[in-house]
Amino acid sequence: MTVTPLGVPTISRPAAGMPTTGPLVDTFGRIATDLRVSLTDRCNLRCTYCMPAEGLDWLPGEQLLSADELIRLLRIAVTRLGITNVRFTGGEPLVVRHLEDVVAATGALRPRPEMAMTTNGIGLAKRARALKAAGLDRVNVSLDSVDAAHFARITRRDRLGDVLAGLAAAKEAGLTPVKVNAVLDPDTGLDDAVSLLRYCLDHGYQLRIIEQMPLDAEHQWQRGRSLEAAGILAALRAHFTLVPDSKPRGSAPAQLWRVDGGTATVGVIASVSEAFCAACDRTRLTADGQVRNCLFAREESDLRRLLRGGADDDAIEQAWRAAMWTKAAGHGINDPGFEQPSRPMSAIGG
């Protein structure tokens with residue numbers, strides 16, 4: 001097999017003192033119960049903050065997990081490691097033909113995990129009902145602007161209508177609450193935030209605005225060029241009354257604000273300016289079978305090699321535990337020596 005190099009060291013050291021049973025824990029006592037599963041690195045958009053206009057060299061098909069391999073890892077995660085929430089991501093998960101099969105197989109596990117999907121919404125209008133029937137509980141749809149010109153400039157595709165149709169279909173199919181994930185453009189983002197919130201309020205969607213993170217394929221991210229939570233909230237407050245939500249945040253990444261005295265909320269995920277790593281409960285599985293204990297991890301643990309080498313479930317479970325045991329205290333974005341991970345977001349999964 002020819003392996004596409006991603007420049008990421010692989011964990012090979014033993015994890016001294018690591019628990020071999022019980023929750024999926026790290027040395028700081030954080031317990032991972034939320035699994036992010038990247039089904040593919042392919043995407044049908046070319047968002048400026050994610051990849052170049054010409055796209056990327058996709059991972060070869062033989063390096064990707066098969067549906068059966070993925071389902072086996074999902075079973076281990078849920079029945080042995082205590083995973084209670086599974087989110088399917090990409091790339092773009094809707095380009096994966098066996099998506100509904102994987103969702104259905106995951107829903108058949110016991111205890112049944114909560115299942116969500118993050119998607120750009122293109123093609124969702126045609127598949128929302130089938131995904132709901134397969135067992136998917138809810139969706140987050142990435143939408144950075146409801147201005148057609150802004151959307152086309154950000155995504156390099158004229159597909160806003162398809163995304164809006166996907167949102168409507170998801171709501172109709174019962175994939176609720178429907179959430180909208182927005183990464184704001186530095187030039188138009190403050191205006192876009194206001195119009196996005198109005199659109200979401202009008203249609204019954206929940207808006208989540210995410211600070212742009214250094215995960216772009218071209219490594220062009222600049223702290224000073226990205227909009228941060230304080231500025232975003234100030235722009236929203238010029239048009240809406242925002243009151244902090246009284247519900248405990250727990251491990252949720254979004255700080256929620258109630259809008260105009262009603263029950264609707266808007267969330268801001270301040271991954272860079274107000275990191276929440278101490279409450280992180282996530283573990284990540286890439287489309288090519290690598291476990292990552294953080295979006296910004298510099299190391300990975302290769303479960304695909306174990307799968308294809310004949311390892312039993314016990315060995316795979318312990319390898320996954322070892323990967324999470326060594327999770328760093330935080331992502332380190334604000335540290336002087338921070339290095340952006342070699343994998344772009346499209347090959348990690350959101």
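Each Cβ is built from the backbone N, Cα and C atoms, and glycine gets one as well.
What Swiss-Prot lists as GTP binding site is R36, R87, T118, K179, R282, T283, R284, and the listing cites sequence analysis. The secondary structure of T118 (GTP binding site), as reduced to three states from DSSP, is extended strand. T118 (GTP binding site) has a Cβ environment of 20 other Cβ atoms inside 10 Å.
When secondary structure is read from DSSP and collapsed to three states, C43 ([4Fe-4S] cluster 1 binding site) falls in the coil class. C43 ([4Fe-4S] cluster 1 binding site) counts 23 other C-beta atoms within 10 Å of its own C-beta, drawing on all protein chains shown. For C43, C47, C50, the entry in Swiss-Prot reads [4Fe-4S] cluster 1 binding site.
Around G91 (S-adenosyl-L-methionine binding site), the C-beta neighbours below 8 angstroms that are at least 6 residues distant in the chain are S38, L39, T40, D41, R42, C43, A287, S346, A347, G349. G91 (S-adenosyl-L-methionine binding site) falls outside any helix or strand according to DSSP and counts as coil. Sequence annotations record features per position, and here Swiss-Prot assigns S-adenosyl-L-methionine binding site to Y49, G91, S142, M213 based on sequence analysis.
What Swiss-Prot records for C277, C280, C294 is [4Fe-4S] cluster 2 binding site. In the shown protein chains, 17 other C-beta atoms lie within 10 A of the C-beta of C277 ([4Fe-4S] cluster 2 binding site). Classification of C277 ([4Fe-4S] cluster 2 binding site) by DSSP places it within a helix.
Swiss-Prot lists 27-245 with the feature domain 'Radical SAM core'.
If you draw a 10 Å sphere around the CB of R87 (GTP binding site), it holds 23 other CB atoms from the protein chains shown. Long-range C-beta contacts of Y49 (S-adenosyl-L-methionine binding site), restricted to its own chain and to partners at least six residues apart, with a cutoff below 8 Å, comprise I154, V183, Q212, D216, W221. Relative to S142 (S-adenosyl-L-methionine binding site), the binding-site residues C50, R87, C280, R282, T283 all have Cα atoms farther than 10 Å away. Geometry remark: R282 (GTP binding site) versus C47 ([4Fe-4S] cluster 1 binding site), CA distance 25 Å.
A 10 Å cutoff on Cβ-Cβ distances gives S142 (S-adenosyl-L-methionine binding site) a total of 23 other Cβ atoms nearby, all chains included. Around R36 (GTP binding site), the same-chain residues six or more apart in sequence whose CB sits under 8 Å from its CB are R87, T89, R282, T283, R284, L285, G349, G350, listed in sequence order.
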